[in-house]
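Enquirer: Pulled these features from Swiss-Prot for this protein:
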- M77, C78, H79, M114, E115: substrate binding site (BINDING)
- D129: active site (ACT_SITE)
Amino acid sequence: MEKDDLTHFNDEKRAKMVDVTSKSETKRRAIARATIHMNEETLARIHAGKIAKGDVLAVAQVAGIMAAKKTSELIPMCHPIMTTKADISFEDDGKTALTITSEVVTVGKTGVEMEALTAVTIAALTIYDMCKAMDKGMRIEKTYLVEKTGGKSGTFKAEA
């Protein structure tokens, strides 16, 4: 795509929301991932339910789902989307890294990549917020789109 082909700009080169009126509705799915690194003790306390603010993973899961649904309110040019599925899962390395994965699905005229990315980002920020009293050095890293399907551009899979 050439610079002149960018669709978020009008004839005056000012920002606009892309017109998706004539696009066909298709099933669209996106998976995103982010990793938060923390002290070993922090991860152990999360799993043991010993964080003063409550069940960290349950709250982060709900925050991620809510974020997917609110993406168009946070990112100016994102279309409001009827989200038909939003799921958040967690996997850790048993030491210091917790990986957050989101899956977002819709049937619509535009994709859900931004919703999936927003979901993992907000879930990671929620974990940071709930654990910062004991571990201010946590790092949120490697937030990326893993896969997207549907729509005119077809399937995308990140390189492993």
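Note: Cβ is positioned from N, Cα and C throughout, glycine not excepted.
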Enquirer: Taking only same-chain residues 6+ apart in sequence, whose CB is under 8 Å from that of D129 (active site), what do you get?
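Expert: Once residues fewer than 6 apart are set aside, D129 (active site) is near K53.
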Enquirer: Output the one of M77, C78, M114 that, of all these binding-site residues, has the highest number of other Cβ atoms within 10 Å of its Cβ.
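Expert: Per the Cβ count, the most surrounded site is M114.
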Enquirer: Could you check what DSSP calls M77 (substrate binding site) once collapsed to helix, strand or coil?
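Expert: Once the DSSP labels are grouped into three classes, M77 (substrate binding site) ends up as coil.
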Enquirer: Taking 10 A as the limit, how many CB atoms besides its own sit near the CB of E115 (substrate binding site)?
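Expert: A count of 26.
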Enquirer: Under a three-state reduction of DSSP output, how is D129 (active site) classified: helix, strand, or coil?
Expert: helix
Enquirer: Might you list, by sequence position, any residue in that chain lying six or more from H79 (substrate binding site) with a Cβ less than 8 Å away from its Cβ?
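Expert: In sequence order, M17, V18, V20, S72, K109, T110 meet the Cβ cut-off.
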